[in-house]
């Protein structure tokens, strides 16, 4: 049996009179007084099928029994629709197929939610449980097809640039990379475990040691971490590494890759992309992931704050904190109620409160008006280039809290006041990150321990490691980090030094990274790399609310697969085979 001669989007007036066969799902079903209409849907489109009781009574009885989402194969003749009955919204809207034979290929149970009315809101957990039905609603499939085209464009471009796609192992060794590993017990080596890769980091660097020169891979990675809207326990990244190159060699390649990926959707990206250091981003936007679609840049107000008799300002200055904020053009229309909402909002991020100062035609209004002279406020307005009807929003807090609070407030106000267009795509390279950070009193890597320090800062490793900058870079799009990379350490002695600063003992270094240090000791070329988060890029490109909307079979925010009911308990015999005992 041949299931189809045409797809459901292909028939047109040029096919009138032809005998055809189409197959698909019953999208909609209508019985209009002895005439049954079926919208038959496949991945490509919809074709209207018609069966008239007075012409084919037995066939009509069979067709009248079908229900939504049954799978049919229909044979019939293409006819022009009656005048006035055309549907301009369908590629096949000028024709219909008069049914002559129908095969019911598969029946469907009662549906947990409507498929034909894809505008109806459906609970996300229900959608994930019945992901295969959710796909039929169209939007998920469209995004998966778009994702395929983006991946295809990526592969074609990387091949032209001389990169070789290499598939690296999924079963590897557990090495500290920041997040928890997913572990796989070994049956052959009792008590030993593989780790699923958080990234192909060490493998791709060893490929450079092996002389591959230019590598890429669309890799699946795994991280056992707390999830957010833009995080999943398994995710895809476009992984890239190249030898004998500097960031200035890499950036144009990645920028053109971005152009190729976005051109799939017909989006034009202007090159070169702007660059900004980590410190500049923190100073101007409070974050290393700035959204550049709108202004509201931060300004340091410490010099002005010294002229206030406001104890919160003076206390922060005495404790080494900061006072900074931004100007909202036309923001003097914010009510006290709205400002109270913003005050409670910034408290979520550790701020004690929000200072607001309105520049009005008849003077100023502020919750700190009595703590400074008119001249001080005028100087502040001038510093912010504030005009009448603008408002200054300030926070006094330790630097990290002020930055985090203002970053979130800035994003919120930008969205609420429609300061940007959702179809804008503003990229920026963020460079020169700190090499180290301090967490819970311990030094840790800002990115990962294989990142090279800037040459001019290497001398500070012994005296002031927290001030050392790294040769690292992130690519940020509309406030999302979509790529991250760095120049790698290619010297075994320097790599050992970094490990020792991270308080890894010689025994621990040998146990976890001995193979890697050994590889670096056999003549390693200077090399660098980057990884682009494919899921996150697709999320931004499609306007999806989260990366679950661009992944075929995603997990929930609790890392559960509701469709397969995973994770799940396994049989006692399997545990015994793996020499594992579950204690709780």
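In case you wondered, yes, glycine gets a Cβ from its N, Cα and C as well.
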Check Swiss-Prot: it lists 223, 224, 225, 232, 533, 534, 535, 536 as binding ATP. Then name which of 165, 280, 481 it lists for that same site. 481
Between the ranges 201-204, 205-208, 209-212, Swiss-Prot assigns region 'Aspartate' to 201-204
Which of the three DSSP states, helix, strand or coil, fits residue 534 (ATP binding site)? helix
Report the largest Cα to Cα distance, in Å and rounded to a whole number, among the residues 223, 224, 225, 232, 481, 533, 534, 535, 536 that the record lists as binding ATP. 19
Expressed to the nearest Å, what is the distance separating residue 32 (site 'Important for tRNA non-discrimination') and residue 225 (ATP binding site) at their Cα atoms? 55
Could you tally the C-beta atoms, other than its own, that fall within 10 angstroms of the C-beta of residue 223 (L-aspartate binding site)? 21
Students should find that the Cα atoms of residue 488 (L-aspartate binding site) and residue 481 (ATP binding site) sit apart, in Å rounded to an integer, by 20
Which residue counts does DSSP yield for the region 'Aspartate' (201-204) in the helix, strand and coil classes, in that order? 4 helix, 0 strand, 0 coil
For residue 481 (ATP binding site), the nonlocal same-chain Cβ neighbours (under 8 Å, six or more residues apart) come out as 288, 289, 474, 475, 533, 536
